[in-house]
Ligand SMILES: Nc1nc2c(ncn2[C@@H]2O[C@H](COP(=O)(O)O[C@H]3[C@@H](O)[C@H](n4cnc5c(=O)[nH]c(N)nc54)O[C@@H]3COP(=O)(O)O)[C@@H](O)[C@H]2O)c(=O)[nH]1
């Protein structure tokens, strides 16, 4: 590459110009493939100097040839005629061929001749000999060609770096000339007769001496001056080169990636950082174009910025990805500028920096800020953003959106029993199942703890969301293998709809959350769609939340008792203790209103202990009243089951009241037991060993199998009322009830049917040999006075008997 800058001081340029221009100037010295430009190094490299001399020699040969031709033609047409003889012509031709030969070598085969040790000295020597020959055959002492010695002296100054050697070569020229004159003087060589030249000159000592002296003086002077000038040129060049080198080093040590491309995108310069970062070496650059390494996503943007620059517009900051040689994507940001060369060619210069790591860190930060670290799901912020987009789209196209709010039932229990690692593993598995179930267009996020939210976009109708909720309940109910434990979890889901319930993302999530609480209050493991009445429940929940913390110390809890009767005789066999809360403002509240609250707040432990102690004392009181050993069933929350000192606490309560363990029955729901069967097996065995009866409550709603039931140390199965209440209407429920009775019997368990309200249900159960009945048909749960009366007098079965 050539350019005006090649002769200018690069450092000066650096101070005065924009980076691309001074870089451009720098580039005039060194090309992309590392080859050094001829111009810049002619005076500094041996090769360059030899070629320069060879070029000058061609020129001289041409000049001599033209002169010889002109002289020959002129003489031939003059009265002198052609005076050179054959020997002269042959000698001259030999000389010309010789010059032609070694000059060809010098010019075109430098690598070959450079292997000779004194190649520069040799060619100067040849030149001197040939000049002497030329001088001899063109008139000898009177030859017009002796100034060519001066040219050879200049040649010596160009080729040789030491001044002494230049002077020696100049002296050698003078010696050869002197030798020629001496030989002519003594007649050792025949002088060549030339027109206009008096032959006497060849033997005139004075003339010859003066002539030689003149040539010596001039030759020495020219040699001295040339050597001096060459030294200056070389020094300047050296300084110039060092300055260039410093700039190249500066560019190479720069962390920024610097490159220069032609209009077609082909590279002409890249600095070391560029090559190291992208992995392309100087050999691969000539085949490479900028557009080849810009990644597809950024290509059109970069090409248009590039073309903009070529059109003369200023280029702003640009960011994009380049493909490294090994296929890596390298993110860069920087700027490009265009510079026009003297020959009109436009070059585009780019300075950019590798921001891959920064991008990665930013992406990671973004991911961390927008995703849940455990499950990798979008977090609340991200989920709300996604919901916002979904709503915007739904508004445009007039479709519905549903938000599902999921909360795992009794997750805290698993976390506390099995440890946080298992809890985490469970959440990861839940996230995986949700992702697998949902379509790509749906979004699922983890809002915190065991709460997940889902947005279902582009719904055809609201019923679609309910179908999805059902599917979710189903897939999450399937057994989960967490570490070495097989767990069974249930989920409560709340659903809200856009536009029916609200149009803001936060409100929709809130309403789905409210609906989720409603699902929990309705016995968990189900879903509820939001309705306005739930807002009231939500407020009520707040009131309860504040009240329950003081309820125990304010003595606001009551225990009601519901009798269980023998299915065939109608006699009261035992009672079930059912907790009530006498709220100062809201009246008598059923457990469904506050048990889950008590579990969430941890108050269930103290409330549970209170119930146990109350029941034990009551049993003692009845015994003291002469009503015998009444057996009472107490409901045990799943949280109580995993309580460390549960067994000790129960035996202490029995001991304090002086009540036999056989008077106590503990009811644990099937879902709680199945949530972590291994754990339940161990604790139930210990309780049974105390002599306490164990009853599995709400049987049929969980996922226990015959094999599970065998492992549990239980006495009783209580068929869930949802089946019992349908036995007259629903053949499936009737079949399930029948199957439970049969299975219980085969395991030698007592079967109790709860929730019996009609005689038809009673008949069905009696018909299938169910052992005991509990339900409103016989008695509702009643306060202690009333149940004492029942214990004393028995149930009033007259009306029932009359009916049957
Ligand atoms: N951890 C504790 N849990 C408790 C305690 N006391 C109660 N509970 C749990 O609350 C559940 C609901 O109890 P409750 O609202 O009292 O309902 C019981 C009965 O009133 C009801 N029942 C009984 N017979 C009928 C009927 O014929 N129809 C009908 N609709 N309902 C009826 O069933 C509940 C008793 O069922 P179960 O316990 O499954 O035998 C209760 O289930 C407990 O889980 C407590 O002290 N601690």
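Each Cβ is built from the backbone N, Cα and C atoms, and glycine gets one as well.
Unlike curated entries, TrEMBL annotations are predicted automatically.
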Annotated range (TrEMBL: transmembrane segment) out of 23-44, 89-110, 243-264: 89-110
3-19, 122-138 - the range that TrEMBL marks as transmembrane segment: 122-138
Matching range for TrEMBL feature annotation, transmembrane segment, among 211-233, 280-302: 211-233
152-171, 172-191 - the range that TrEMBL marks as transmembrane segment: 172-191
Mean per-residue pLDDT computed across the domain 'GGDEF' (399-532): 93
Stretch of maximal Cβ-Cβ contact with the domain 'GGDEF' (399-532) [cut-off: under 8 Å; candidates 243-313, 316-367, 541-795]: 541-795
Secondary structure content, the domain 'PAS' (243-313) (per DSSP, counts of residues): 40 helix, 12 strand, 19 coil
Within the domain 'PAC' (316-367), residues counted as helix, strand or coil by DSSP: 12 helix, 28 strand, 12 coil
Same-chain residues at least 6 beyond the ends of the transmembrane segment (58-77) whose Cβ lies under 8 Å from its Cβ atoms: 83-84, 92, 96, 99-100, 103, 107, 134, 148, 151, 195
